[in-house]
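Peer 1: Okay, so TrEMBL annotates it like this:
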{"type": "ACT_SITE", "residues": "H115", "note": "active site, proton acceptor"}
{"type": "BINDING", "residues": "C123, C136, C158, C161", "note": "Zn(2+) binding site"}
{"type": "DOMAIN", "residues": "1-256", "note": "domain 'Deacetylase sirtuin-type'"}
Amino acid sequence: MEELTALLHSSRRIVAFTGAGISTESGIPDFRSPGGVWTRYDPRDFTFDRYVASADVRERAWRMRREFSDAGYRPNAAHRALARLEEAGRLRGVVTQNIDGLHQLAGSSRVVEIHGTAREVMCIGAAPRAGMPAGCGFTAAHEWAIARVDDGDPDPSCPDCGGLVKSSTVSFGQVLAPDVLEDASLLAESADLMVAVGSSLVVRPAADLPLAAVQNGSRLVIVNDEPTPLDDAADLVLRGRAGEVLGPAVEELLGP
Ligand code: APR
């Protein structure tokens, strides 16, 4: 903890890179831990092309999203610690793989959501191909789609063009938005300290971002409760729970 606080203290351009593990203390399961989402659902069911091809897959996806939206998840101490670092002018932004919007709810203002967000839905067009959304531009709050499902429409379609509607997340087999990935890369490459929190760091191209920071001279801290493939590249690895590590470290640095 002393080493972490010293690194935070001596850094002026901190960038955080977060994964599902930063939200488990808010009650949201991660993907690859025991009991995680991919231990209960088959990720192959959630590829972009299967979603486009199958009304049954879309109906199951809306049912799963409805469960997610009912829960009213709240940010935890780790999200709040990163928001405090940004407010204090020490942290430039967060690059997150998460789609839960909890960084913004905690007060973070610069958040790059490289896997999109579940808090919004979008038109992806009638028959998009090769993982590329081809919608008419319609977007709405997630609640709009859930209201349609509750009114008995299991597979809401675009009110403007009749195309398919999907949450604004990046599914397996879907291309990441080039402008978002560029924004994330620029942020990562500007860091003098990259803090990777709660990610197994196995999904590309996301997991390349902490390495890009290190290649640009940044120091790297990994806060994760199990080993990751980047541990050897890190200046400091803290094996522990995100909220219990970041909360006290930021309080040590910025006061209670
Ligand atoms: N504190 C610290 N680490 C935690 C905590 C916690 N409270 N809870 C879980 N972890 C760790 C787990 O040990 C695991 O290594 O967080 C990591 C979460 O890894 P994943 O479940 O693989 O989640 P993530 O890295 O975000 O997955 C990346 O994969 O399925 C895709 O698009 C999805 O964005 C996701 C991407």
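Along the chain as shown, the residues are counted starting at 1.
For all residues, glycine too, the Cβ spot is worked out from N, Cα and C.
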Peer 1: If the criterion is a C-beta within less than 6 angstroms of any ligand 1 atom, which of the recorded positions H115, C123, C136, C158, C161 pass it? List them in sequence order.
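Peer 2: The ones that qualify, in sequence order, are H115.
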Peer 1: Report the residues of the chain - excluding C123, C136, C158, C161 - with C-beta within 8 Å of the mean position of the site's C-beta atoms, for the recorded Zn(2+) site, in sequence order.
Peer 2: G125, G135, G137, F138, P159, D160, G162, G163, V165
Peer 1: Between C123 (Zn(2+) binding site) and the residue listed as 'active site, proton acceptor', how far is it from one CA atom to the other, in Å?
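Peer 2: The separation of the Cα atoms works out to 17 Å.
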Peer 1: Looking at Cβ-Cβ distances, which residues of the chain lie under 8 angstroms from C158 (Zn(2+) binding site) while being 6 or more apart from it?
Peer 2: C123, G135, C136, F138, L164, V165
Peer 1: Whole-number Å distance between the CA of C161 (Zn(2+) binding site) and the CA of H115 (active site, proton acceptor)?
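Peer 2: If we compare the Cα positions of C161 (Zn(2+) binding site) and H115 (active site, proton acceptor), the gap is 25 Å.
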Peer 1: Using a 10 Å cut-off on Cβ-Cβ distances across all protein chains shown, tell me which of the binding-site residues (C123, C136, C161) has the largest neighbour count.
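Peer 2: Per the Cβ count, the most surrounded site is C123.
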Peer 1: Across the whole of the domain 'Deacetylase sirtuin-type' (1-256), what does the mean pLDDT come to? Round it, please.
Peer 2: 95
